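Shown next, in structure tokens, is the structure this report addresses.
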Amino acid sequence: MAMEYEPIKPYADDLEDSVYTQEKHFSIDIDIIGNAEKIQDDDESKNLNQLAFRISDPNIANKGEESPFIPASNSTNLPLHGQQPPQHRLISLDVFRGLTVVLMILVDDVGGILPAINHSPWNGLTLADYVMPFFLFIVGVSLGLTYKRVSCRVTATRKAILRALKLLILGIFLQGGFFHGLNNLTYGMDIQQMRLMGILQRIAIAYLVAALCEIWLKGDDHVTSQLALLRKYQFQLLAASVLTVIYIFLLYGLYVPTWQYQIPDATSSSAPKTFSLACLFPFHSKVKCGVRGDTGPACNVVGMIDRKILGIQHLYRKPVFERTKQCSINSPDYGPLPSDAPAWCQAPFEPEGLLSSVMAMVTCLVGLQYGHIIVHFKDHADRIRLWLIPSSAFLVLGLALDIFGMHINKALYTFSYMCVTAAAAGFLLAGIYLLVDIYGYQRMTLVLEWMGKHALVIYILAACNLIPIVIQGFYWKQPPNNILSLIGIGR
């Protein structure tokens, strides 16, 4: 991937209420989670006797709307009486991203060895289950800074839609089945069976919804207090509440009928997955449901909606519930099917499905409100306090819901799961902000900061196995004779 980097040096003088995030430009013109949070001093800082400045160019505000996905390629000087405003980076956001990337790589590479940190087979919460909501949360935080000033809402909307489409297409290319993985030096996808949803697709959808809310659903109130902050963004809070109600109503209210799916023939060359114990079930397996409000692997509404709209052939073919006790004798790890395994054990299921992505949007909107705190409150203590209060409330609410039956479930992205993971993200952001931006422990986080600035590139190269696939393409006489096989990778 060609990459051009244009460094912009921070100004020597730092103000506490100025936030500047270094910009860079990739030829791919997409970034995953917010490397372009270039923002200017808020007008409210006048009340604190800080410097304020005007934007002389009416197009500059749109240049600041470079979204969490597309960094701006050129720097912009915003003069005040011929002087440049002092600016500095909010390092904690980059470190948060970098730590999330490290967590993603850790659970991908070590999760197979230590199932305890791998995704929970169904209900419950493990280390791997924090990765997706952390990404979504920091997208929201970044949007609060990116769209601080919007000079033309129509133009900003058009740019946001284009950026989301780019990320959506990239996600389909990387996770739709084009690359066949290790031990298979072929590529290409059958459009009839390609996976339509995935991690990048979910981030693109959540980003677009949060961006549109930030562009269109905020008031003109002058924020001088917490109550004024709520009034300014009351319609965004209403949107998050409506999405939550819709999700809960559909999850527990829709009827799930009995359904069936076809187990691919092991001899079929077009089958994307070979079922080792397909003889346990008939060629067409029937899953008996006929229920409402079921949140188990077989008869939940999330899976039903994906099967109806996306089509079962476009869903993920190695779902986490294959590691449940009903489906694996090595649970919580993958393993052979038990002799009495239920019919649904080999059914496809999309972990980044349509209905579950509704709650992913809410996570992004929650992060957006945390970003607003950075924009409107300049005192360190105020920021940390206003982050910790909702985080504590989310944690208590999520745990209470889990106790009373709305289980924490990543595959379904339940409301309780959203609450607990959003709370964890808020606590983590406050902790990193305290250590890095207040106490100045920046040298020890340089690697994480760098990884946070290049999150998309690292994701593509590491999480999508592109580096191993490329290395494996060079072999001696026979494909198995490659460097990776010599060191025990991809066997």
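For all residues, glycine too, the Cβ spot is worked out from N, Cα and C.
Looking at the domain 'Heparan-alpha-glucosaminide N-acetyltransferase catalytic' (89-213) alone, the prediction's average pLDDT is 88. If you look up TrEMBL, you'll see 89-213 marked as domain 'Heparan-alpha-glucosaminide N-acetyltransferase catalytic'.
Look at TrEMBL and you will find 95-118 (among others) tagged as transmembrane segment. With a cut-off of 8 Å between Cβ atoms, the residues of this chain six or more beyond the transmembrane segment (95-118) that come close are 33-34, 126-128, 130-131, 134-135, 138, 323, 332-333, 428-429, 432, 436, 445, 447-453, 455, 458-459, 462-463.
The transmembrane segment annotation in TrEMBL covers 130-148 (among others).
Look at TrEMBL and you will find 160-179 (among others) tagged as transmembrane segment.
TrEMBL lists 199-217 (among others) with the feature transmembrane segment. Sequence-distant contacts of the transmembrane segment (199-217) (same chain, six or more residues past either end, CB-CB distance under 8 Å): 32-33, 67-69, 132, 135-136, 139-140, 143-144, 147, 150, 153, 156-157, 160-161, 163-165, 167-168, 170-172, 174-175, 233, 235-236, 239, 352, 357, 360-361, 363-365, 367-368.
Note on the transmembrane segment (237-255): residues 213, 217, 230, 290-293, 295, 300-302, 304-305, 355, 358-359, 361-362, 365-366, 369, 412, 414-415 of its chain, located 6 or more positions outside it, place their CB under 8 angstroms from a CB of the stretch. Residues annotated as transmembrane segment in TrEMBL: 237-255 (among others).
Under the heading transmembrane segment, TrEMBL lists 354-375 (among others). For the transmembrane segment (354-375), the residues of the chain that approach it from at least six positions outside its boundaries are 19, 39, 42, 90, 132-133, 136-145, 148, 197, 202, 205-207, 209-210, 213-214, 229, 232-233, 236-237, 239-240, 243-244, 246-247, 250-251, 301-302, 305-306, 309-310, 382-383, 386-387, 390, 394, 411-415, 417-418, 421-422, 425-426, 429, judged by C-beta separation under 8 angstroms.
Sequence-distant contacts of the transmembrane segment (387-408) (same chain, six or more residues past either end, CB-CB distance under 8 Å): 123-125, 295, 366, 369-370, 373, 414-420, 422-427, 429-430, 433. The transmembrane segment annotation in TrEMBL covers 387-408 (among others).
The feature transmembrane segment is assigned by TrEMBL to 414-436 (among others). Remote same-chain residues near the transmembrane segment (414-436) are listed as 91-92, 95-96, 99, 125, 129-130, 133-134, 137-138, 141, 244, 247-248, 251, 295, 359, 362-363, 366-367, 370, 380, 383-384, 387-388, 390-395, 397-399, 401-402, 406-408, 442, 445 (criterion: CB distance under 8 Å, separation of at least six residues from the stretch ends).
The transmembrane segment annotation in TrEMBL covers 456-476 (among others).
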